[in-house]
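Asker: Questions regarding the structure given below will be posed in turn.
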Amino acid sequence: MRIVITDSYEQMGMEAANIVAGQIYLKPDSVLGLATGSTPVSMYERLVAVHKTVGLDFSEVTTFNLDEYIGMSPDNPQSYHYFMQEYFFRHINIRPENVHIPDGMAKDMLAEGERYEKLIAAKGGIDLQVLGIGQNAHIGFNEPDLKFAATTHTVELDEETIQANSRFFQDASEVPRYAISMGIKTIMMAEHVILLANGRNKAKAVYKAVCGDVTPEAPASILQLHRDVVVIVDKEAAALLPEQIRGVTITRKG
Ligand code: F6R
């Protein structure tokens, strides 16, 4: 794992965007795995700016999002389909047919999971996976569990996740209880992974991901076993990392 600690949230997004942009320059037909939520917003803003100013070209890029709420139609402003259009896709030159997000409205979620996995495999797998992290150390919507879930599957969201995500809804009772998410194996099969986190409320989860035991009770801890992970965190999210780790990390000023 390489750890980059930044001075600010904006800097975190910029570091992440640089890695994504570098990936696309080196391989214009890259397959990206993408996340939603507040964390990657500054990364998307930066990528849009790079597209608009120096013409970063997304025309050959394919994307697969990590997850979607079950029962959310793509035109619902709370859906992850809507989020991705709003923050990213409508601002860049990606082809709609190259954008993939699990279908939260699918009749048969088992079949939807299989369809999604086959599609990823047919595209040759994910080159670069972008991840956020939940306060309970979930990645995608892989919640703490007794075993690591393998492939795209239905998840029952933890109460902690429902409470955390209720900030996007009028009320916690409106947050869907179920989601469809890429599994841990899907994520671990990606060639490169970047994990982003900002804010003091993510410090414990970042500690578990980087320094904790590898256990499905802290799903992000599995990333310690991946061969190419860059963890990009602002200083608040890095607050609990021990001095030995902080001493050998790359620290960037905002
Ligand atoms: C989103 C996702 C989740 C989020 C995590 C953090 O697609 O897979 O794992 O990355 O819940 O969410 P935020 O960034 O809103 O704190």
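A Cβ is built for glycine as well, from the same backbone N, Cα and C atoms used for every other residue.
Unlike curated entries, TrEMBL annotations are predicted automatically.
Just so it is clear, the model here is predicted, and its values are computed rather than measured.
Annotation source TrEMBL lists domain 'Glucosamine/galactosamine-6-phosphate isomerase' at 30-227. As annotated by TrEMBL, active site, proton acceptor applies to Asp67, His138. Look at TrEMBL and you will find Asn136, Glu143 tagged as active site, for ring-opening step.
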Asker: Roughly how many Å lie between the Cα atoms of Glu143 (active site, for ring-opening step) and Asn136 (active site, for ring-opening step), rounded to a whole value?
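Answerer: For Glu143 (active site, for ring-opening step) versus Asn136 (active site, for ring-opening step), the Cα atoms are 7 Å apart.
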Asker: Just to be sure I understand the packing, how many Cβ atoms besides its own are within 10 Å of the Cβ of Glu143 (active site, for ring-opening step)?
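Answerer: For Glu143 (active site, for ring-opening step), the 10 Å Cβ neighbour count is 22.
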Asker: Which whole-number mean pLDDT does the model give the domain 'Glucosamine/galactosamine-6-phosphate isomerase' (30-227)?
Answerer: 97
Asker: Which of these active-site residues has the least crowded Cβ, counting other Cβ atoms within 10 Å: Asn136, His138?
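Answerer: Per-residue Cβ counts within 10 Å for the active-site residues Asn136, His138 bottom out at Asn136.
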Asker: Could you find out if DSSP has Asn136 (active site, for ring-opening step) as helix, strand or coil?
Answerer: coil
Asker: Could you state the whole-number distance in Å separating the C-alpha atoms of His138 (active site, proton acceptor) and Asp67 (active site, proton acceptor)?
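Answerer: Just about 12 Å between their Cα atoms.
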Asker: Check the active-site residues Asp67, Asn136, Glu143 for any whose Cβ is under 6 angstroms from an atom of ligand 1, and report them in sequence order.
Answerer: Asp67
Asker: C-alpha of Asp67 (active site, proton acceptor) to C-alpha of Asn136 (active site, for ring-opening step): distance in Å?
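Answerer: Their Cα atoms are separated by 17 Å.
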